[in-house]
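Peer 1: Have a look at the structure that comes next, please.
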Amino acid sequence: MATEGGGKEMNEIKTQFTTREGLYKLLPHSEYSRPNRVPFNSQGSNPVRVSFVNLNDQSGNGDRLCFNVGRELYFYIYKGVRKAADLSKPIDKRIYKGTQPTCHDFNHLTATAESVSLLVGFSAGQVQLIDPIKKETSKLFNEERLIDKSRVTCVKWVPGSESLFLVAHSSGNMYLYNVEHTCGTTAPHYQLLKQGESFAVHTCKSKSTRNPLLKWTVGEGALNEFAFSPDGKFLACVSQDGFLRVFNFDSVELHGTMKSYFGGLLCVCWSPDGKYIVTGGEDDLVTVWSFVDCRVIARGHGHKSWVSVVAFDPYTTSVEEGDPMEFSGSDEDFQDLLHFGRDRANSTQSRLSKRNSTDSRPVSVTYRFGSVGQDTQLCLWDLTEDILFPHQPLSRARTHTNVMNATSPPAGSNGNSVTTPGNSVPPPLPRSNSLPHSAVSNAGSKSSVMDGAIASGVSKFATLSLHDRKERHHEKDHKRNHSMGHISSKSSDKLNLVTKTKTDPAKTLGTPLCPRMEDVPLLEPLICKKIAHERLTVLIFLEDCIVTACQEGFICTWGRPGKVVSFNP
């Protein structure tokens, strides 16, 4: 393995790298691509994307992967680290004319060895539902492009649903669909359901239920990616206007926002326990945002160009009770210590969530996440307890503030929330740090907006509560938000006036929305390696490997430490 050094060595593509847990190795036999293995001419093409699904096959080899390259879409058995990829036998291959696949997502809930539901978004705005095992096309949504003519940027099944899915477009709109409903032969007409700062949600105005069930307009410019929280209750969106916006998906409330240091945000992901969100974008940074505190807690600088994908590694994220261990020795010795008292993936979430601000027991917490970028580099990062639970928070006055716009003055006279002296961790902020304006509301009802949209169509929306107060913990938080959820439809003139007060992106630097670089900790990557010739577009953490892909159409498997074994061709 080449060492970091001169220009030639710096530009050399790495095939292995070492972290504290051991050696990761590129497995050439586990590389997937087009059958001819010829590098794809990626100029002007949409990013290569990869989706995985496990079919619970009796043979124990139930992993399948789908990837798009140019106008082509492939569906293969994924043999992982143990067996060589057989590129001559794709289960399904499709070549499209006039449009290109841009993204895709499997329904893990309904997947079986005989059937799997795969959504595919396209560059011209359509969404296709296919079954690559049965090799039949089920349905086409937005076929005539009457709903949206712009490129599909992200498509995902709604967690826990067999029929609902969400689609984002470069127009800045998102649409909620039901596979059981048709789209109609004319352009849909909408009526306003909910409106807030820089977002609006509309329902489809129709006598019979039809797609789309809901239309979200979020921010300005393209909506580049969205991600559901691990519990499926919240939705994080990143847009070309540089904003991260986090919504309560069911009640359609804005929970919190964050602004990039520069340029658009391109990617987003949640920590396994749902407490942190990481974004990447055109500022070449990764940014860590606390879901509980609604604030930036760290930035990471390691990339030399735009960050295209961020992802948490649930298999390396850990929490250890007791005194944090001190260590000096070899990687092998560290590996032995690492397995003592460590909880992985499942228990990490439960143990972190059980802790509260009054728990004084020492805890050693490490979240591992990764990023890939257009600079062809893979970076791995550790988010540790000295960042998560700082004893001396940087710029205390800044990090203890709550972002409220001019129409909602908080308790403090200077526009900042009151800090609590002596706390090493900032107190939780209100569940929303932006005014959850609603166009129509009934304070007495506790129904979910999303449930109402799905079950009742348009006619009953006027009676739904659009501002559920269940999560309001303190009366002062309730007052601080001026009970905006109780605005009736008669107050629409005032509401429109309020929603015109948008955050000026140019004025966010130095505020809690976008702290200055010196006001938050700056992370350095554990490793930062050039691993491809072309820009990287995929990063997925699996139990025994890491999967990356580049724009040339090569999907690479990196075996984790101790997982690389002799394989059978």
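Every residue, even glycine, has its Cβ placed from backbone N, Cα and C.
Feature list, courtesy of Swiss-Prot:
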MOD_RES   Ala2  N-acetylalanine
REPEAT    94-138  repeat 'WD 1'
REPEAT    211-252  repeat 'WD 3'
REPEAT    332-426  repeat 'WD 5'
REGION    405-445  region 'Disordered'
REPEAT    427-523  repeat 'WD 6'
REGION    450-468  region 'Mediates XPO1-dependent nuclear export of WDR20-USP12 complexes'
REPEAT    524-559  repeat 'WD 7'
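Describe each of these features in terms of where it is and what it packs against.
Peer 2: This prediction places the mean pLDDT of the repeat 'WD 1' (94-138) at 95.
With DSSP classes pooled into helix, strand and coil, the tally for the repeat 'WD 3' (211-252) is 0 helix, 23 strand, 19 coil.
Applying DSSP to the repeat 'WD 7' (524-559) sorts its residues as follows: 0 helix, 21 strand, 15 coil.
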Peer 1: Should anything in the same chain at least six residues away from the repeat 'WD 1' (94-138) have a Cβ under 8 Å from its Cβ atoms, list it; otherwise answer none.
Peer 2: 45-47, 49, 51-58, 62, 64, 66, 68, 70-73, 75, 145, 147-157, 160-162, 165, 167, 169, 177, 179
Peer 1: Within the repeat 'WD 1' (94-138), how many residues are helix, strand or coil going by DSSP?
Peer 2: 0 helix, 21 strand, 24 coil
